[in-house]
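Asker: Sharing a structure with you now.
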Amino acid sequence: MVALNIYGQQLDSRLLIGSALYPSPHVMKQAILASGSQVVTLSLKRQNPAEKAGQQIWRYLQEVVTEVNGHLLPNTAGCKTAKEAVTLAKMSREIFQTDWIKLEVIGDDYNLQPDPIELLHATEQLINDGFKVLPYCTDDLVLCQRLYDLGCQVIMPWASPIGTGKGLMNPYNLETIRLRLPNATLILDAGIGKPSDACLAMEMGYDGVLLNSAVALADNPVLMAKAFGQALQAGEQGYVAGIMDQRQTAHPSTPTLDTPFWHQN
């Protein structure tokens, strides 16, 4: 299969995985390894040097990223304005030594929907400052087009609100974005609940999936991480193989013409 391209970096896995909500740092590490992911998201807040737990998580993250030859993807979770997001992105670049940033600017506290106006403002500022921006957005076609026009090579529309596990609420919107932005790297982000959701996204032609809660909150996070890795592979292979068109009428898979009891109506 073709490698996932994120701003010139070739990755074997199309799964991006978060580092929050796990029962323990050890489970987090084992789940990330089981997933096969080479990109791990994290927030600056989780790396508080004054907290021993934060130090332990940071050590595990460094170990796993080194082991899989992967990349850290800092995010701007919790930011509500472009100014806040830009400030946090610059801090993250200095601390984590990466110009990748998962840009989140939340506009509503209830469903954690991104603020499109502030998101566009922050994107423009960060790109002008040399960042490689991976914006988290809704499944709004025009917003995705504007982000692409600003210079985002990677765009991350949601499947459904963060942490809901509702899966792909708007398949039509997501398919339209894929059709209208054929050259963008599209990664489905947020709302994924089960491996079949991720598989469906790949069957649509999406380039990857980013998730966290679906693995971290599973009864067995390590096994669920492995299941998601396999689901993405299955979906990608199905898309590349070419999925049959749906039909309005039934067609027998076994030809009945000239069989002993063939009937013609």
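Glycine is no exception: its Cβ is also placed from the backbone N, Cα and C atoms.
The feature active site, schiff-base intermediate with DXP is assigned by Swiss-Prot to K102. Taken from Swiss-Prot, the feature 1-deoxy-D-xylulose 5-phosphate binding site applies to G163, A190, G191, N212, S213.
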Asker: Taking only the residues the record lists as binding 1-deoxy-D-xylulose 5-phosphate, namely G163, A190, G191, N212, S213, what is the largest Cα to Cα distance between any two of them, in Å to the nearest whole number?
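Answerer: Comparing all Cα pairs, the maximum is 9 Å.
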Asker: Which site among K102, G163, G191, N212, S213 has the most other CB atoms no more than 10 Å from its CB, taking these as recorded positions?
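Answerer: Selected residue: K102.
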Asker: How many Å lie between the Cα of A190 (1-deoxy-D-xylulose 5-phosphate binding site) and the Cα of the residue listed as 'active site, schiff-base intermediate with DXP'?
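Answerer: Cα to Cα, A190 (1-deoxy-D-xylulose 5-phosphate binding site) and the residue listed as 'active site, schiff-base intermediate with DXP' are separated by 12 Å.
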Asker: Rounded to the nearest Å, what's the C-alpha distance separating G163 (1-deoxy-D-xylulose 5-phosphate binding site) and K102 (active site, schiff-base intermediate with DXP)? Just drop the number here, would you?
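Answerer: G163 (1-deoxy-D-xylulose 5-phosphate binding site) to K102 (active site, schiff-base intermediate with DXP), Cα-Cα distance: 17 Å.
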Asker: Can you list the residues of the same chain, besides G163, A190, G191, N212, S213, whose Cβ falls within 8 Å of the 1-deoxy-D-xylulose 5-phosphate site's Cβ centroid?
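Answerer: Filtered neighbour residues, in order: P161, I162, T164, G165, I192, L211, A214.
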Asker: With the residue listed as 'active site, schiff-base intermediate with DXP' as the reference Cα, tell me which of the binding-site residues G191, N212, S213 is the closest one.
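Answerer: Ranked by Cα distance from the residue listed as 'active site, schiff-base intermediate with DXP', first place goes to N212.
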Asker: Within 10 Å of the Cβ of A190 (1-deoxy-D-xylulose 5-phosphate binding site), how many other Cβ atoms can be counted across all chains shown?
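Answerer: Within a 10 Å radius of the Cβ of A190 (1-deoxy-D-xylulose 5-phosphate binding site) lie 25 other Cβ atoms.
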Asker: Using DSSP with the three-state reduction, classify the residue listed as 'active site, schiff-base intermediate with DXP' as helix, strand or coil.
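Answerer: Assignment for the residue listed as 'active site, schiff-base intermediate with DXP' reads strand.
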